[in-house]
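A.B. asks: This is the feature table in Swiss-Prot:
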ACT_SITE  469  active site
ACT_SITE  472  active site
ACT_SITE  568  active site, proton donor
COMPBIAS  112-123  compositional bias 'Pro residues'
CARBOHYD  54  N-linked glycosylation site
CARBOHYD  404  N-linked glycosylation site
CARBOHYD  495  N-linked glycosylation site
CARBOHYD  517  N-linked glycosylation site
CARBOHYD  728  N-linked glycosylation site
CARBOHYD  823  N-linked glycosylation site
REGION    106-142  region 'Disordered'
SIGNAL    1-28  signal peptide
């Protein structure tokens with residue numbers, strides 16, 4: 001809230017009373033002018049009536065009346081229906097709609113959600129409107145529920161306003177009380193211009209999200225415009241609207257309660273600018289409705305649990321998707337991709353999935369194979385060989401269907417009438433195959449068509465997943481606007497491409513029509529989302545195979561269907577660093593399976609850059625090397641230094657595969673990211689809020705990469721506690737409070753540390769995930785003097801679509817470790833043990849880190865069906881050695897079945913009985 005405007009309030013104890021009652025001096029009409037029009041953008045609304053539903057106490061409805069019309073950006077809508085409702089105890093929904101006319105909003109069948117409470121009756125059925133509230137008697141209407149910490153206050157001022165705050169702290173989370181002299185703070189509601197603004201405490205609010213944009217920092221910088229309009233703009237361009245739209249932000253407060261976090265989501269698919277100045281956030285939307293959700297949190301994990309409960313939990317990914325992937329645009333033929341696979345094997349670098357870009361197609365047409373360079377028989381042999389080796393194959397698809405009249409896919413599409421139309425005919429665009437029509441994925445017939453085409457292709461070539469690209473949708477031409485149309489040329493110009501470029505530029509025109517008489521203007525940002533839905537539907541048939549899908553264009557909720565990569569980055573050191581904020585942002589957007597093109601896509605990479613990039617990229621949730629044609633090849637085996645680093649870091653990644661897969665299970669269960677900012681684990685450490693060069697995998701493994709050329713030192717932030725290096729377990733960082741430390745990082749090394757209090761189940765290194773899954777488990781236990789150590793391991797067949805669901809083909813193991821004065825206990829609990837027992841998975845070794853004394857086995861018991869059985873220690877070896885002030889103890893030759901609960905008691909050397 002702007003302190004300079006405080007005279008408009010007449011409450012003497014503003015700081016205390018504001019969340020409960022706002023006393024506003026109502027001034028005359030605003031004199032703030034729009035720079036271009038010479039008149040105010042709008043004058044706001046006043047409350048005509050407001051009522052809390054006393055039967056539930058969970059909703060409030062009101063009718064709002066326009067104060068005065070303004071012609072800027074078109075005429076205002078005169079009457080608005082307003083509702084505020086508790087969707088859940090921790091989720092408050094705020095909705096403004098036209099009281100008399102239905103407006104576009106995302107269909108419930110596209111993004112399922114609970115219905116809002118009934119709106120006030122339309123004006124035609126209102127017999128008597130209440131008289132205007134006298135301006136000298138401002139009142140409030142409060143919505144509060146005993147089960148929620150959130151409360152809503154509606155201010156009957158002129159113009160009206162509202163706040164959402166925490167009852168426990170009186171911290172205002174969303175403050176839409178207007179400044180009477182400033183129309184940019186008013187609610188404005190026109191057909192093609194909607195405005196909603198909230199003041200923010202600039203020094204206490206730390207905002208993240210509102211993508212997709214490439215930025216150097218994870219935390220949003222002040223004084224910027226964030227535009228949401230899906231566009232085929234290379235991601236090496238900073239601060240421009242890119243492939244996806246995610247109108248969600250998370251706000252972590254540094255006071256009054258440090259680390260208190262909430263989320264804000266505007267459910268709207270139309271183009272928009274979000275202006276963020278630090279002390280204010282303002283939405284400027286060119287259509288739809290205002291449908292705002294506030295998630296109470298109050299931790300970051302709780303916010304994402306609440307957010308993904310609404311938009312959809314992240315899809316489970318097959319186990320093999322966590323392996324290493326290789327791709328390039330420009331592979332000449334099937335012989336070249338076979339050679340690439342062979343050379344990875346010769347170099348002993350793990351390779352899980354081979355990809356092909358558009359090169360494999362016949363003249364770039366979907367669902368075809370180049371008969372000369374990628375003939376069907378050779379491709380079938382190639383995929384068969386991959387599968388025999390435990391490897392996979394994923395090709396690319398673009399949505400544009402070439403209009404060649406002899407092309408079977410086009411013929412069937414025309415017969416089914418499935419393409420987007422303009423002026424009554426299929427809209428003709430142009431992409432890689434030349435002239436194309438675009439399937440209308442809002443049309444059930446188009447979804448069926450797409451599913452059938454994928455089935456036809458999979459029937460001849462057993463692909464393992466699909467990569468969908470160019471689905472913003474991209475168009476190589478810009479069609480002329482329809483004369484006089486305010487859709488192709490809206491009155492408010494969003495900051496498209498950073499220069500208010502027309503929204504028709506290089507995409508489907510806004511006047512094109514979808515199924516159900518929906519305009520492209522309204523549905524544009526949903527195109528990639530809808531294609532992801534249809535493509536995943538195709539991939540779940542047959543249902544016995546876990547689907548994998550990667551999409552460039554995304555929207556809120558896309559994580560329910562697809563993974564994502566950061567798009568066309570460049571082989572630049574800046575892009576290496578930018579990949580971290582983008583990865584962390586997509587974790588917030590409910591898309592935890594995220595990564596960047598390792599070594600860079602555009603431009604030619606260098607040996608040093610590629611070496612440092614694979615060191616970082618090995619820890620992306622989605623880890624893929626991808627490059628553009630006409631650039632230097634960058635397969636990891638081409639430089640010995642890169643190959644050596646790849647063997648090391650991918651070896652560690654494959655050891656950590658059970659950990660990554662367990663994190664994916666948690667993401668599907670609660671919406672938690674796989675790659676996380678340091679602030680997620682350390683929300684009370686304000687210094688972590690601005691860190692964009694390090695990240696966590698899960699809650700306890702910290703990655704601190706080299707991001708500058710020629711550097712052999714990393715100035716890394718170390719939150720409080722003990723951190724042990726995962727490269728050798730022998731070096732550690734111990735700090736009582738968070739501080740920056742200098743870490744050695746020679747060219748072949750990346751710093752990866754595990755924090756005290758964590759237990760991680762690992763398996764052995766291997767060339768494929770299939771081979772890694774057959775190796776014994778190794779339990780890594782990091783002890784803490786302050787908390788018990790814990791960890792989890794989720795196990796299933798690696799391709800389940802209903803992960804952890806009914807049917808019993810899964811096991812969850814929880815691990816615990818705690819030390820006393822003379823002893824230490826490590827134990828496990830097993831949920832649904834039958835599946836793990838049937839697989840006969842074995843844990844062979846336990847490594848204990850962070851000990852201050854040597855230990856030896858005192859007692860070892862396992863849980864049998866008949867009860868706990870004491871096991872003699874014969875055959876089990878315990879070794880300890882001191883490194884860096886801590887002992888490392890290894891208990892080997894355990895042969896412990898993972899599906900069997902156990903308890904291991906260890907005695908400290910020199911302990912008295």
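Using N, Cα and C of the backbone, Cβ positions are placed for all residues, glycine too.
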A.B. asks: When you measure from the Cβ of residue 404 (N-linked glycosylation site), which residues in the chain that are at least 6 apart have a Cβ under 8 Å away?
C.D. replies: 365, 410, 433
A.B. asks: When a 10 Å sphere is centred on the Cβ of residue 54 (N-linked glycosylation site), how many other Cβ atoms does it contain?
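C.D. replies: Total other Cβ atoms inside 10 Å, all chains included: 6.
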A.B. asks: Where residue 469 (active site) and residue 823 (N-linked glycosylation site) are concerned, what is their Cα separation in Å, rounded?
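C.D. replies: Roughly 57 Å, rounded to the nearest whole number.
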A.B. asks: With every protein chain in view, how many other Cβ atoms are within 10 Å of the Cβ of the residue listed as 'active site, proton donor'?
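C.D. replies: Around the residue listed as 'active site, proton donor', other Cβ atoms within 10 Å: 23.
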A.B. asks: Any idea which of the active-site residues 469, 472 has the thinnest Cβ neighbourhood at 10 Å?
C.D. replies: 469
A.B. asks: Using Cβ atoms and a strict cutoff of less than 8 Å, what residues sit near the compositional bias 'Pro residues' (112-123) while being 6 or more residues removed from its termini?
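C.D. replies: Sequence-distant neighbours of the compositional bias 'Pro residues' (112-123): 49, 53, 58-59, 61-63, 79, 81, 83, 85, 87, 93, 95, 97, 99-100, 267, 310, 312.
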A.B. asks: I'd like to know which of the glycosylation sites 495, 517, 728, 823 has the most other Cβ atoms within 10 Å of its Cβ.
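C.D. replies: For the glycosylation sites 495, 517, 728, 823, the Cβ with the most other Cβ atoms within 10 Å is 495.
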A.B. asks: Using only C-alpha positions, which one of 472, 517, 568, 728, 823 is spatially nearest residue 54 (N-linked glycosylation site)? These are the recorded positions in the record.
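C.D. replies: Its closest listed neighbour, by Cα, is 517.
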A.B. asks: List only the single closest residue to residue 517 (N-linked glycosylation site), chosen from the recorded positions 472, 495, 568, 728 by CA-CA distance.
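C.D. replies: With Cα distances computed to residue 517 (N-linked glycosylation site), the winner among 472, 495, 568, 728 is 472.
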A.B. asks: Measuring Cα to Cα, how many angstrom lie between residue 823 (N-linked glycosylation site) and residue 472 (active site)?
C.D. replies: 59
A.B. asks: Looking at the recorded positions 472, 495, 728, which has the shortest Cα distance to the residue listed as 'active site, proton donor'?
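C.D. replies: Minimum Cα distance from the residue listed as 'active site, proton donor' across 472, 495, 728 lands on 472.
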A.B. asks: Could you measure between residue 472 (active site) and residue 495 (N-linked glycosylation site) for me? Cα positions, answer in whole angstrom.
C.D. replies: 17
A.B. asks: Reported as an integer number of Å, what is the Cα distance between residue 728 (N-linked glycosylation site) and residue 495 (N-linked glycosylation site)?
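C.D. replies: Between the alpha carbons of residue 728 (N-linked glycosylation site) and residue 495 (N-linked glycosylation site) there are 50 Å.
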A.B. asks: What kind of secondary structure is residue 404 (N-linked glycosylation site) part of, going by DSSP in three states?
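C.D. replies: SS state of residue 404 (N-linked glycosylation site) = coil.
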